[in-house]
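One structure is given here, and the rest of the page talks about it.
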Amino acid sequence: YKLSVAPEMDIMEYCRKEWRGNTPVAKRMRKGYEAVAQKFASIRRVRGDNYCALRATLFQALSQAAQLPRCLQSEDFTMLPENLLSKYDWIKQWQLKQKLGRKMGEISDEIKEYLMLLRKKWKNISEIKSPIEKQEACDKLFKNEEEEYSLYEALKFLMLNTAIELYNDDKNGRRVPVFSWLLFARDTSSNPCQLMHNHLNHIGHSGGLEQVEMFLLAYTLQYTIQVYRLYKYSTDEFVTLYPNDPEEDWPVVTLITEDDRHYNIPVRMCQETML
C-alpha cells in the first residue's frame, strides 16, 4: 500500500528541507511556515494527485469528527442518485472511477455504494472517543486505496447535489451565497450539467479543485475550510476561509498550500493556541 497522508514531521524542519534558497519566493515561504508554526507544531504531507484537496479536507474532517455532517444524515440519503437521475438525465454521463475487472453496473447503484461507504466510515470514526484511536482509524482508512477513492467519488456526487440545489434556489429567487453566482458565472459551468461535464468529472482524473469549488466542498460538508496560502504571506489572503462568512457552528478544518493546487495538513495545535 501507499500511505496517502505521510506521518507527521516538524513543520520548520519540513520548511528548511523544502525551501533552502534565498530567492524572494523561498523567503516568503519560510515566513509563511514560521507563521503557521506559531499555531501548529507538525505537518503531514498529502499525496499529490488530483484528489489532493478532497483528500486533505476529508482526512482533517474525519480526524476530528464527532458526528455525521448534515449532508449524510437525511433518511433518504441513499436514494439521492436515483432521485437525481430521475430528474436529470444528463447525470448518466457522470464519470465513475474505473474499477478493475468489474463491469459497469447501474450508475446509481455504484454511487449509492460509495455514499453508503462514506456514511459508514464517518459514523464509525466519529464514534471513537480516544483521539489516538481515532487517528489510527483515519490512517488505516487512508491506506486502503480502493475505499479511499470511493469516498472521493461520494464527495464529488454530494457536491453536484449541492450545486443543483443552489442553482435551483437562485432560479426560484431564493437567497444563495455569493460563491454560487461565481460558480455559475464561469463560461465552463453556467449550469449544473456543465459543471459536471467540465469540472466535477475531471476532479481526480485530469484536474483538481479550483478556488470556487473549494467553497462548494465546504458548503456541501458544512465545514469551514481554513487555508494558509503561503505564497500570499503578508497579504490579507494569507489565511483564507471557505466560505468566507461561515456559520458559527460549523466545525473548522485547517490546510496549508504553497500554490492553491497542492494541499498539506498542519497538525498538533500548539498548547497556547488551544487556550
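Here the Cβ of each residue, glycine as well, is placed from N, Cα and C on the backbone.
TrEMBL annotations: computationally assigned, not manually curated.
Keep in mind that this is a model prediction, so the values were computed, not measured.
Some features that TrEMBL has for this protein:
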- Asp49: active site (ACT_SITE)
- Cys52: active site, nucleophile (ACT_SITE)
- His262: active site (ACT_SITE)
- Glu237: site 'Linear diubiquitin binding' (SITE)
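Recorded features from TrEMBL, shown on the structure.
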| residue | record | Cβ neighbours (10 Å) |
| --- | --- | --- |
| Asp49 | active site | 13 |
| Cys52 | active site, nucleophile | 21 |
| Glu237 | site 'Linear diubiquitin binding' | 10 |
| His262 | active site | 17 |
For Cys52 (active site, nucleophile) and His262 (active site), the CA-to-CA distance in whole Å is 6
Taking the Cα atoms as reference points, how far is Asp49 (active site) from Glu237 (site 'Linear diubiquitin binding') in Å? 25
